[in-house]
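S.K.: Have a look at this one.
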Amino acid sequence: MAQREWVEKDFYKELGVSSDASPEEIKRAYRKLARYLHPDANPDNSAGERFKVVSEAHNVLSDPVKRKEYDETRRLFAGGWLGGRRFDSSFGDFGMGGDGAEFNLNDLFDAASRTGGTNIGDLFGGLFGRGASVRPSRPRRGNDLETEADLDFVEAAKGVAMPLRLTSPAPCTNCHGSGARPGISPKVCSTCNGSGVINRNQGAFGFSEPCTECRGSGSIIEHPCEECKGTGVTTRTRTINVRIPSGVEDGQRIRLAGQGEAGLRGAPSGDLYVTVHVRPDKIFGRNGDDLTVTIPVSFTELALGSTLSVPTLDGTVGVRVPKGTSDGRILRVRGRGVPKRSGGHGDLLVTVKVAVPLNLEGAAQKALEAYAAAERSSGFNPRAGWGR
């Protein structure tokens, strides 16, 4: 989104948060609204438009750099340096000169910024552009989109290819994004001769401004595409295949370049951000790149030693339990955990937990009683050294 558009928009209000809201509060507010307004969950057209606005707000406020620029821009136009005056956003980059001399607004802005805060020239560079002349305005890049994906634990750990269904502005399939009727090309603007700018003189000053005939694009579409009405964009439902990388964690945000909202008249598309939600697994857990599992064992398996068959992400592995292992001990199997982004795998951490039988009968009962007697005779005291 261009900075010049920030002046008229209150992103905090759109998300229902205060201007000093924490990143976590902004994230929670966006998720709540997105789940209700997403076109797949709410077919109302107004909900779709609102979803785009909410996504724009989150895209700016969730980025620390963009949020700072947004706050500075809003404060500047709220009545500070510019006294609350509104500026026509049709102005692009501009400069003024006369009698061979130039008046550099950036010098004024840089001096003003020395009182503290963001360089005001930088802000105006985004709002009106910098330079000695106007450049032809390019069609604006499409907005970024936000969506969510629910994954099973194993899918998140190993990675998965999955389809995502999106309803959003996309390049018009009829004109392929040009905005012109198929077979007819846009013509060069005769007012500005394709430059996109008009040079004017006022007294001692000369300045340039965007051409109002072609709106700074340098070309005019005389015969607009009937499908998109000349915008090059239509709203449609599309399905894209997304590769979720291995090792993603719950709440992680994945960027897919160029998969967002289409830009007007052939401009580049925005990006798609996918927030991953991982469903808990009844067997596996995770500690960073380590895979965790708690396995029930009998007392005799710990006391006498044994080999356990333990599940992993890729089948089972035999884990040796040393003789005399304590309940709750963690056994490590190297390289059998979650795939790492840098290559290789984390470890498998196996916690052994004794399962006590509720009822013993017959030979098992007698054998355990005999063991208890032998244990007492040996002088073994499990609470030796414990307590005060």
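Just so it is clear, glycine is given a Cβ too, placed from its N, Cα and C backbone atoms.
Annotations per Swiss-Prot:
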DOMAIN    10-74  domain 'J'
ZN_FING   159-237  zinc finger
BINDING   C172, C175, C225, C228  Zn(2+) 1 binding site
REPEAT    172-179  repeat 'CXXCXGXG motif'
BINDING   C189, C192, C211, C214  Zn(2+) 2 binding site
REPEAT    189-196  repeat 'CXXCXGXG motif'
REPEAT    211-218  repeat 'CXXCXGXG motif'
REPEAT    225-232  repeat 'CXXCXGXG motif'
S.K.: Tell me the Cβ contacts of C189 (Zn(2+) 2 binding site) under 8 Å, same chain only and six or more apart in sequence, or just say none.
M.R.: G196, C211, E213, C214, S217, G218, S219, I220
S.K.: If you run through the repeat 'CXXCXGXG motif' (211-218) with DSSP, how many residues end up as helix, strand and coil?
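M.R.: The repeat 'CXXCXGXG motif' (211-218) comes out at 0 helix, 0 strand, 8 coil.
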S.K.: When the repeat 'CXXCXGXG motif' (172-179) is classified with DSSP, how many of its residues are helical, how many are strand and how many are coil?
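M.R.: So the counts come to 0 helix, 0 strand, 8 coil.
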S.K.: To see if you understand the setup: which same-chain residues, six or more apart in sequence, place their Cβ under 8 Å from that of C192 (Zn(2+) 2 binding site)?
M.R.: I198, C211, E213, C214, G218
S.K.: Long-range same-chain neighbours of C225 (Zn(2+) 1 binding site), Cβ under 8 Å, sequence gap at least 6?
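M.R.: Correct list: C172, N174, C175, S178, G179, A180, R181, P182, G232.
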S.K.: For C228 (Zn(2+) 1 binding site), which residues in the same chain are close in space, meaning a Cβ under 8 Å from its Cβ, but six or more apart along the sequence?
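M.R.: Non-local contacts for C228 (Zn(2+) 1 binding site): C172, N174, C175, G179, T234.
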S.K.: Between 0 and 100, where does the mean pLDDT of the repeat 'CXXCXGXG motif' (189-196) sit?
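M.R.: Reported value for the repeat 'CXXCXGXG motif' (189-196) is a mean pLDDT of 87.
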